[in-house]
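Engineer: Okay, so TrEMBL annotates it like this:
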| type | residues | note |
| --- | --- | --- |
| TRANSMEM | 110-132 | transmembrane segment |
| TRANSMEM | 139-159 | transmembrane segment |
| TRANSMEM | 171-191 | transmembrane segment |
| TRANSMEM | 212-235 | transmembrane segment |
| TRANSMEM | 241-262 | transmembrane segment |
| TRANSMEM | 359-379 | transmembrane segment |
| TRANSMEM | 399-419 | transmembrane segment |
| TRANSMEM | 440-457 | transmembrane segment |
| TRANSMEM | 486-512 | transmembrane segment |
| TRANSMEM | 533-551 | transmembrane segment |
| TRANSMEM | 571-589 | transmembrane segment |
């Protein structure tokens, strides 16, 4: 009878209950002791098998297998991403027109303000990822960040309602924008890794589900973007900007209870301390050891001989391992006994830092693609605003142009998951089918094609403008729509949107799976940091192009009263050349990269 009760007893939070029950059913004290011992052993084994090691639930209790994690938990994250991206992109996609028409910024000034705002928002994802890994959980970082973004959107709603261009209004505008940027950064740095942590990476099914999650995360992101660039943009153009900001405020507010609804299903990674501390400690230890050995070897010949012998012995010992101890960072492990206490490093810490350094060149190679993506929310919107945006009797707002890549992405993401990926797995006979680096490379190629298309379309648009000026007054066409459909600009949007799908999903999964478990949130945030640096680089390139092309009293390419006076086609050709050089740089590093995770 006592043994028959054990399957129910191991779940009992008070283990003393086992002794009470066994004592009640067994009058024999020896039998009591034997059965109590067996009961505790079986209970410990059952608990060990049912608990996720290193994970807790939202109430800080051990996370249990079968109860926490899985696709049911990740589905709440996907729903939240729809609302979060709706709140963010509803303003970002149309912000350049708001600044130029309502706040009276110049076209290039508005473009730089938008890229600075977008870049800051994505760059702050590193802060959110760092805090989630080091001190808090992704669960808590999301809730705090959502509150900050809500506050920023409230400020923007009040500012838009005032309809003022006074200096105080601009101050209020930028306070609201950068509160939103801080909140968005925390959400971007915590939400994707929070969803990815719900899957068991020790099993092939868990890894496949995690890959599905990253693809559907892009799908959810696109769903929010679709509502933002259609419904919300229409409200901003026809009802007023305060309505658009109000919808964004409501969306981020609704996302909080949706996120909390999944609390009982989440498993939360226990923070393991600052990964930045580990990074700097290993690097400092390696430099310290290297400098110390050189100084000792230059002073005493015998010391040099002894160090050479030690080095040869170390190399012989490291021939059988993965090469970490034979690298520069291996100095931190080889001489760890002689290091000061604060610089003591384990071999595992050195391996973790080596992995981070290996993925940095891949990260740097994706920045140029995101510099191209920055044109979607700046010059491309301004291009469309000079063209005929009518579809029959319906006028399409220029800021709604991203609907084309968004819809294409919503079609491509499920197609990739359920058709292309299974075919690739069968063809390559590997678990992933298409490796992460192959996906990123595909996105880089598509971005080059997009820049070629953008340059050709702008050339065509300028030719239409010139032909109109020969038969009409030039000043009238500086503000009137040109007789060319905006659908030409939509072509470059489709290519850039496809590039974003391949690259962003590939980057997030690559950084998450390759990074050490102690710094996965921070590593996943590199995907957003790449976007940030792309936006910053776009601003730098615009300023540099204007400076160089404006020398010797020439007219700068990207300066004038309106877009028709710009040489935007030359700028796009320059972006195409830079993207091609960047792709060669990417191939150099990607061809030499060795995966630490299961890629086949």
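Backbone N, Cα and C atoms are what each Cβ position is placed from, and that goes for glycine too.
TrEMBL annotations: computationally assigned, not manually curated.
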Engineer: Hey, which bits of the same chain come close to the transmembrane segment (171-191), Cβ under 8 Å, at least six residues off its ends?
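Structural biologist: Distant contacts of the transmembrane segment (171-191): 77, 80-81, 84, 88, 91, 103, 117, 120-132, 138-139, 141-142, 144-156, 158-159, 252, 521-522, 524-525, 528.
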Engineer: Cβ under 8 Å, sequence separation of at least 6 from the ends of the transmembrane segment (440-457): give me the contacting residues as numbers and ranges.
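Structural biologist: Non-local partners: 362, 365-366, 368-369, 372-373, 375, 380, 383, 488-489, 491-492, 495-496, 498-504, 506-507, 510, 569, 572-573, 575-576, 579-580, 582-583, 586-587, 590.
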Engineer: Select the range from 110-132, 212-235, 571-589 that forms the most Cβ-Cβ pairs under 8 Å with the transmembrane segment (486-512).
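Structural biologist: Between the candidates 110-132, 212-235, 571-589, the best contact partner of the transmembrane segment (486-512) is 212-235.
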Engineer: Answer yes if the transmembrane segment (533-551) and the transmembrane segment (359-379) have at least three CB pairs under 8 Å among residue pairs 6 or more apart in sequence, and no otherwise.
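Structural biologist: With 3 or more qualifying Cβ pairs, these stretches touch.
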Engineer: With contact taken as 3 or more Cβ pairs under 8 angstroms (pairs 6 or more apart in sequence), are the transmembrane segment (359-379) and the transmembrane segment (139-159) in contact?
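Structural biologist: Judged by the Cβ rule, the two regions do not touch, with the required three close pairs absent.
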Engineer: Would you mind listing the long-range same-chain contacts of the transmembrane segment (571-589), meaning Cβ under 8 Å and 6+ residues beyond its ends?
Structural biologist: 361-362, 364-369, 371-372, 375, 379, 440-441, 444-445, 447-448, 451-452, 454-455, 458, 541-542, 545, 557-558
